[in-house]
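Engineer: Relevant sequence annotations retrieved from TrEMBL are reproduced here:
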type	residues	note
DOMAIN	B:37-331	domain 'Aminotransferase class V'
MOD_RES	B:LYS193	N6-(pyridoxal phosphate)lysine
BINDING	B:ARG341	substrate binding site
There are 2 protein chains.
Amino acid sequence: MKLPIRTLMGPGPLDVHPRVLAAMSQPLLGHLDPVFLDMMNRMMDKLRYVFETKNELTLAMSGTGSAGMETVFVNLVEPGDKVIVGVNGLFGTRMADVASRLGAEVIPIEQEWGLPIAPEQIERALTQNPDTKFVALVHAETSTGVWQPLDEIAQVVNKFDALLIVDAVTSLAGIPVQVDKHKIDACYSGTQKCVGAPPGLAPVTLSPKAFDVLKQRKSKVPNWYLDLTMIANYWGQERFYHHTAPISMIYALFEALTLIEEEGLSNVYARHLLNGRALQAGLQAMGLEMVVKEERYRLPQLTAVRIPDGIQDTQVRGLLLERYGIEIGGGLGPFKGKVWRIGLMGYSSSRKNVLLFLAALEDILNELGYTKNRNLAVEVASKFYASAIS
Amino acid sequence: MKLPIRTLMGPGPLDVHPRVLAAMSQPLLGHLDPVFLDMMNRMMDKLRYVFETKNELTLAMSGTGSAGMETVFVNLVEPGDKVIVGVNGLFGTRMADVASRLGAEVIPIEQEWGLPIAPEQIERALTQNPDTKFVALVHAETSTGVWQPLDEIAQVVNKFDALLIVDAVTSLAGIPVQVDKHKIDACYSGTQKCVGAPPGLAPVTLSPKAFDVLKQRKSKVPNWYLDLTMIANYWGQERFYHHTAPISMIYALFEALTLIEEEGLSNVYARHLLNGRALQAGLQAMGLEMVVKEERYRLPQLTAVRIPDGIQDTQVRGLLLERYGIEIGGGLGPFKGKVWRIGLMGYSSSRKNVLLFLAALEDILNELGYTKNRNLAVEVASKFYASAIS
């Protein structure tokens, strides 16, 4: 198995810490081994820490982040339920698709790609549809780089007594998700973003209120594999066999969460913020335009930047990969060929990666005749670090 | 991360080859990296080899073996479809549950745990229900150790123009599955059994006929995450982004399948058969009773044996674990406390493990007063090997 060594700076997966890689190469334990069961218990506590919740039903589903989305919707939504979905990027669109396949009456709240959903939009939709059961939002839109503020919207949703579903795939352990503070009823994530593990598991948490909705379903969950009532019995005291947990992935997530504990969640957030803003300062110094104009709505861990006129998307990404082994992401849907997406998540959110990437991109854009001042971006980012840290 | 070292000889997961563990500790590639995409292409060929099929739609789903079951049913079955399900163990019961949650009209064909489903049972059910769309069987029942013959039943199903679904979770790469020979229309497996990787992926293959059924669905697949039309586009030439593949698990499966290729599939089958029969000879020499009486219906890779009267299940399994680090499985459902399940699958199917286990079990049963002749089982197994090999 001969694999090239990359520096992953796209929308995910990202490079993971060597300790996480080492964890996966440990020999396996059985999925009902007392040592493994103890690890699962401790894992639930570690997940509560990053979700900032006391929710008992907090665990990792055996699938990728998209399985987290599927889990939340298939367990909670029943045919005919009204679901308001914020649609301002690919993952909002996906939530609407997932919910409608389950027979929900989806009310899409649309917003231009690159802007957040406004609290007023949700309030208006809830006023027109007071029987709405769920409001679903993407906290960190990986397709656009938008940071969706939750505070005001959560209050609106609460006032109307609907349940709040939040997609935290790209936000968990990157920016504060604060499940309890925002009274989020259902929240899911992936492991391959800021959590800092390979893809393959989906952390999920449900509030007691959401768990009640699940318990009071009229029909069985139409998905055996993701049925949370059964899976909760496996993660719970009963240890009732459901499916065989993906042991090696659990090791990886356990180690990644241990790294977060060791660093401290507030330090983890500060690191993501600092590196993201430094990168953005450097990109802007090169004259590149941010997809998200207002900084307060701009994620630090995932930056979407417009590709300048006359520059070929795939040529630049190809050169980054060939010459430097750096992977960044292209645009999705309407952004295809028009946007680059640069990820600084988990272990990959480092000053080293910021300077490396800016230097590499400037090198290539100089060569293609777009920029003239080699290392201007690096200089600006370096100064940003100096002033931010002093 | 301090983990004890076990010898896993239960129903799965099992010990995996050090090369498979090493593969997982490789740094990640992006899921759209050209090198990774090439690996996925080669993976499909490797899967076709073990399934013994030319089916184009042959890939690995991003979930455990149970997700494979869910995938096949949720993609093919529509509400109202008649599905005949062979129910002679836990996994047949589960198939019936999965299908009924999707609105299928399930016709369970019951058989005593420990016996296979008879072709006549299927023929009778099909005669009474000629509009049956699917017949679903478990090839290797992990709860009982039954080896379900497929040849005659496949002919019956074919005669009635129904589609044949086969659960090959515990059979793939342990005993011949032969998808094309048996005209199996949909087959799924897991990675943590005879395939020899950790749990976390579900190999799936669909015949062109089954793929047509999928394409002609009246309604969208009610499961976004497992929708094979979209996933086939990601694995296919289009490389259309669906979800982020679990990179490290793909590495593990790739390496495990490479090991199978290197050994050769017929040698792999012969090894499983030899070690399984040697184990069974040893167990019977100790006076233990097989759950599956007739050898032709008894799996070599998973042996279910009755716990003798007066012997406590958990005491023996506890001593095996504490004293020797050996894990075997207990019984499920009606077999709880009454049966042990011993797995010899993939890398763990070795002469070394057979002798170690027989010696360890005899040691403990001697101590508990059940057996008297220390090492009788070991002697019988050793002689079995000598005669089988000469």
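Along the chain as shown, residues are numbered 1 onward.
Just so it is clear, glycine is given a Cβ too, placed from its N, Cα and C backbone atoms.
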Engineer: Out of B:LYS193, B:ARG341, which of the recorded positions has the smallest number of neighbouring Cβ atoms within 10 Å?
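Structural biologist: Looking at the recorded positions B:LYS193, B:ARG341, the Cβ with the fewest others within 10 Å is that of B:ARG341.
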Engineer: Three states by DSSP: which one describes the residue listed as 'substrate binding site'?
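Structural biologist: SS state of the residue listed as 'substrate binding site' = strand.
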Engineer: At the level of the C-alpha atoms, what whole-angstrom distance separates B:ARG341 (substrate binding site) and B:LYS193 (N6-(pyridoxal phosphate)lysine)?
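Structural biologist: With distance taken Cα to Cα, B:LYS193 (N6-(pyridoxal phosphate)lysine) is 13 Å from B:ARG341 (substrate binding site).
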Engineer: In the three-state scheme derived from DSSP, which category covers B:LYS193 (N6-(pyridoxal phosphate)lysine)?
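Structural biologist: Once the DSSP labels are grouped into three classes, B:LYS193 (N6-(pyridoxal phosphate)lysine) ends up as coil.
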Engineer: Let me know the model's mean pLDDT on the domain 'Aminotransferase class V' (B:37-331).
Structural biologist: 97
